[in-house]
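Here's the structure, in structure tokens; my notes come after.
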Amino acid sequence: MKLIIQDGKEEDHLQVLNKQLEIGIDEVGRGAVFGPVFSAAVVLTEKNGYTLKQLGVTDSKKLTEKKRKLLLPKIISLSSDYSLGQSSAREIDQLGIRYATELSMIRAIKKLKSKPYEVIIDGPLSLRLWKSHQRNIIAGDSKFTSIAAASIVAKVTRDFLMERLEKKFSGYFIFKNKGYGTKEHLLSLKANGVTNLHRKSFLTKLNLI
């Protein structure tokens, strides 16, 4: 690959190109008691990041479900690349939520077509198994469009999975609670028991099993 000079250093063209891209990472479902934790990675150019910001891309928690679903195809269309990773309820129970969340992020990063020079991660969770450059940004989904876009991709995708699982796990109100420990959900556990997709490590701490 042809070498070019960047800030007095020789770097290959692909590395310089990757530095011009913003790669945001975010997770969803970390605090749920049912189902996997999802992470998304979204790669944006500065121009397309600005366009998405103008379209209303921000922290997924600040958007309605309808707005998130409307923005998803726009994010996919304008991103240079995007990917998803997840860790199952079983992995969460075996590894702990911190490590399982980190694993889901790394799985998302590894699915990207090219190795990123640097990733920007929402929150304080550093990726111990990722040896490349990374930045942790508190409230990053409100500050970086790529992280905000990743939060929307992860949220819409996980919510869709929860809605599909409602048919198989009826009686737990998964369609409504999306796997989170609402009062209705926790009461249903006493009536219906624990499924193989419930996070038993979480339920143990809540004295539910």
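Keep in mind that glycine also has a Cβ here, set from the backbone N, Cα and C atoms.
According to Swiss-Prot, the feature domain 'RNase H type-2' maps to 20-209.
Under 8 Å, Cβ to Cβ, and six or more positions away along its own chain, Asp122 (divalent metal cation binding site) finds Gly24, Ile25, Asp26, Glu27, Ile137, Ala139, Gly140, Asp141, Ile147, Ala150, Ser151. The divalent metal cation binding site annotation in Swiss-Prot covers Asp26, Glu27, Asp122.
Listed in chain order, the residues near the divalent metal cation site other than Asp26, Glu27, Asp122 are Ile25, Val28, Ser39, Ala40, Met105, Ile121, Gly123, Gly140, Asp141, Ile147, Ala150, Ser151, Ala154, each with its Cβ within 8 Å of the site Cβ centroid. Looking only at the binding-site residues Asp26, Glu27, the densest Cβ neighbourhood within 10 Å occurs at Asp26.
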